[in-house]
Each structure stands twice: as C-alpha cells, then as structure tokens.
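What TrEMBL annotates here:
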DOMAIN    26-447  domain 'Major facilitator superfamily (MFS) profile'
TRANSMEM  26-45  transmembrane segment
TRANSMEM  66-85  transmembrane segment
TRANSMEM  97-118  transmembrane segment
TRANSMEM  125-143  transmembrane segment
TRANSMEM  176-199  transmembrane segment
TRANSMEM  260-283  transmembrane segment
TRANSMEM  295-315  transmembrane segment
TRANSMEM  322-344  transmembrane segment
TRANSMEM  356-380  transmembrane segment
TRANSMEM  392-419  transmembrane segment
TRANSMEM  425-443  transmembrane segment
Amino acid sequence: MEGETRSIEKGLLLVNKEESANTTPLLVFTTFIIVSASFSFGVALGHTAGTMASIMEDLDLSITQFSVFGSLLTFGGMLGAIFSATIADSFGCKMTLWISEVFCISGWFAIALAKNIIWLDLGRFFVGIGVGLLSYVVPVYIAEITPKTVRGTYTFSNQLLQNCGVATAYYLGNFISWRIIALIGILPCLIQLVGLFFVPESPRWLAKEGRDEECEVVLQKLRGDEADIVKETREIMISVDASANISMRSLFKRKYSHQLTIGVGLMLLQQLSGSAGLGYYVGSVFDLAGFPSRIGMTVLSIVVVPKAILGLILVERWGRRPLLMASAFGLCLGCISLALAFGLKGVPGINVNVTPTLAFIGILTFVMMFAAGLGALPWIIMSEIFPMDMKVVAGSLVSITNWFTGWIVSYCFNFMLLWSPTGTFIIFATICGATIVFAWCLVPETRGLTLEEIQLRRAH
C-alpha cells in the first residue's frame, strides 16, 4: 500500500512538473515578441480593403494599377519565402526576423510617404518580402520552443495577432488616412526589433549548430527551473544527429511524398479558397452587393479577433484536423451565400434587400471561419510535420506555393468579379468543399505529440 502511495505521489509530481513546464514567463514573453510583427502582417493584409477608393483618388490610379499594388504584397512574399527557410537554417530564427523587420519598416515608410505609384508599389513589395520571411519563421520558431501540450495554442497566437492587425486596418480605414495606417504598421516591427535582443534562439537550431550546452540552458529557461528536460533534450539531440539537409531534388522521393502533399496541398487550398482576394478587397465586395462598406468593415473588425481567440482555444481541445474541416465547411457556406447573393441580384420579384443581406452574411461567415481555422492551421501543420532533414527545402517550397498562389488570386480577384461575381464564389465554394475531403483523407492529427514523436509515428 505504501509503495502504491509513493507511486501515485511520484506520478502526480511528474504531472505537476509537466504542467508547470507548459508556461513560463520567458516562454510567454518570447512568443509575444516573435508574433508581434504578425500584427504588421495583418495591417498589410487589411490595408487595401477599406482604403481602395482613397488611394486610387489620391494617386490617380486605375483599377489595373491598384490590382498590381495589392498583389505586390504576395509577390514580395513569394520572394521572401524563397530565402526564408535557408536564412533561418543558416543564421537562426532571430536573425531572419531582424532582416524581415528591415524590409517591413522601410516598406511602410515608402507607402506612407509615397507621392506616386512607383514608391507605393516599391513599399508594398518591400513589406511583402518582410512578411514572406515572417510567414515561415514565426510558426516554426514557436513550434520549436513550446512544449507539446500547448504548442498548437501558442502557434495559433500568430494568427491572432494577424487578425488584430487586420481588424485595426479594417476599422481605422473608415476614419483615417491610408498613410497613417501605414505608419501604424511600423510600431509592432519596432517592438520586435528591440525585443529580439532579450529572447533566446531556438534550442533545436542551437543543437543543429553543435551548441549543445547552450541548447540545454535555453531549454531549461523556457521550461522552468523545476522542469525535467533530460528526455526532451535527448530527443532533440537524437533528431538533429540523425538528420542532414536534403536537396530540392531529393525532396520529391517517395518517402517524403506524404508530408509534401499535405504541406503543398494545404497552402494551395488556403489561397484558392479566395481568402487573399476577399481579404484585400472586401470593401469593394460590400459596395458591389449594395451593402454599406463602412458598416461592414466595422462589424468585421469587431468579430474577427474573437473568432481567432476561439480558434486558439479549440486547436488543442478539438485538434488540428477537426478544426480544419469545420473551418473549411464554414468557408464553403460563406461562399455559397455570396454566390446566391449575386445570383439573385436584379432578378424580378426578389426583394432588393436580399442581395446585400446574403452578401453580408456570406462575408461575415467567411472571415470568421477563416480566422478560426484555415488562416493559421496550414502554417501550424507545416511547422510540425516536416522532419529536420527536409524542413529547409520543404518549408521554402510550401511557403513559395502559398505566396505565389496568393499573388495570382489577389491580382485576378477584381477581374473575376467583373467577369461574374456568382461564378467567382461558386469556384471558391467548390475549392473549400475539396479542402474538407483533403483534410479527411490525408491530414494527420498532431495534437499532444512532440515534434520528434510526430516523426517517429511517420516512420512506423
């Protein structure tokens, strides 16, 4: 009986140690600094949504010129994504974030002070390069410093800060100049620029560089003084020792096909759902449907953050896979509502309020469900499923895929609306439906597993 009591006490002690290792002040502070620039990313995503008319009027732009301006964020992001994983692997996540801030800050200044289309486009392109670097590094950095029990929640905070930035741009776009919004985008970049001096590098990157003692010290600080890090440290060392970066050509071997299909597939489906187009030009969609864009943008700015918080909570309770399918289902319903709204526009006998009402419901559903799941989950899953030997080339490939597809969609979106609003959202609804099937058939559940355990499960 005494032996059983001791075993129970020992078990409770281990559980308490693991729970205390979940969150430490340094882990919270480090995560905040890492994701702070994601707020600037969100401002960039929402900057064109409510300021389209004022920018076109101030600088005398055509719809084609504005579409180029909007799409340059994703084109620059594609360029940043090409080098993001390589820079992070060679110089560490902190240095990559510093480089990204140089591009973001200079880009925002160029936009704020732009007197012509050249400086406006150059600024948007520079911000794109910066957020392209961020988009890969931030989820990977967070995934590598957090314990398995809270990894999804902490990584989802990246999407939360993005949505805070989007909400800020949506709301302020109704009242203040687009130049001031550009200056607001600089503030979180400055916070990260300074804060990075006070946070540790990724323990896994330190181990890869042969800095084993520093890896253990950093891991102990992140987990807390009372936490037992022996097992986690050993797993990291074994994983690093067993891996060597592969070439892009080797990436397409059969043994990597499953992870690569999941990573590339999720990035394609995220962007082909229409998220970039609707996010950049949602104000013009409201106007096209006859719904007051100022009211619509204000409502979106209010609801998008709470829905991201809900996703942050559910990602560890439901798991990645169920949340991904639920989010895609919501996006599909939103697109169907928008297709019906424009399909019924001008039809004899249909009340004139039907189109704006259905369009508002569709946009609200789409934006809320995207914030709760599909916006963050492809990046979270990408940061978890790739082993160390393929993380650099695979991370670069999926990031480029995401940004390139986003560039195509964001550039074509306005022209698609001119072609057929109904047809546009039927296409997007079909792709969202395909996302549900893709997640059901291929995407694994990674909740509650360490990065090393995920790779062991793959191997078996």
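Note that Cβ sites are derived from N, Cα and C of the backbone, with glycine treated the same way.
Curation does not apply to TrEMBL; its annotations are automatic.
Keep in mind the model is a prediction, meaning the values are calculated, not measured.
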Report yes or no: does the transmembrane segment (356-380) come within contact of the transmembrane segment (176-199), defined as 3 or more CB pairs under 8 Å with a sequence separation of 6 or more? no
The recorded stretch from 176-199, 295-315, 425-443 sharing the largest number of CB pairs under 8 A with the transmembrane segment (260-283) is 425-443
With the greatest number of Cβ pairs under 8 Å to the transmembrane segment (392-419), the stretch among 26-45, 125-143, 176-199, 295-315, 322-344 is 125-143
If one takes Cβ-Cβ under 8 Å and requires six or more residues beyond its ends, the residues near the transmembrane segment (125-143) are 31, 34-35, 37-38, 40-41, 44, 72-81, 83-85, 87-88, 93, 96-97, 99-104, 106-108, 110-111, 151, 154-155, 157-158, 185, 189, 202, 379-380, 382-384, 391, 395-396, 399, 402-403, 451
Quick tally over 26-45, 176-199, 322-344 of CB pairs under 8 Å to the transmembrane segment (295-315) gives the top stretch as 322-344
Lying 6 or more residues past either end of the transmembrane segment (26-45) yet within Cβ distance under 8 Å of it, the residues of that chain are 73, 93, 97, 100-101, 104, 108, 124, 127-128, 130-131, 134-135, 138, 141-142, 145-146, 154, 157-169, 181, 184-189, 191-192, 195-196, 198-200, 221-223, 279-280
Under 8 Å Cβ-Cβ from the transmembrane segment (322-344), and at least six residues away from its ends along the same chain, one finds 269, 273-274, 285, 288-289, 311, 314-315, 350, 354-359, 361-370, 372-374, 377, 381, 421-422, 425-426, 428-429, 432-433, 435-436, 439-440, 443
Rounded mean pLDDT within the domain 'Major facilitator superfamily (MFS) profile' (26-447) lands at 90
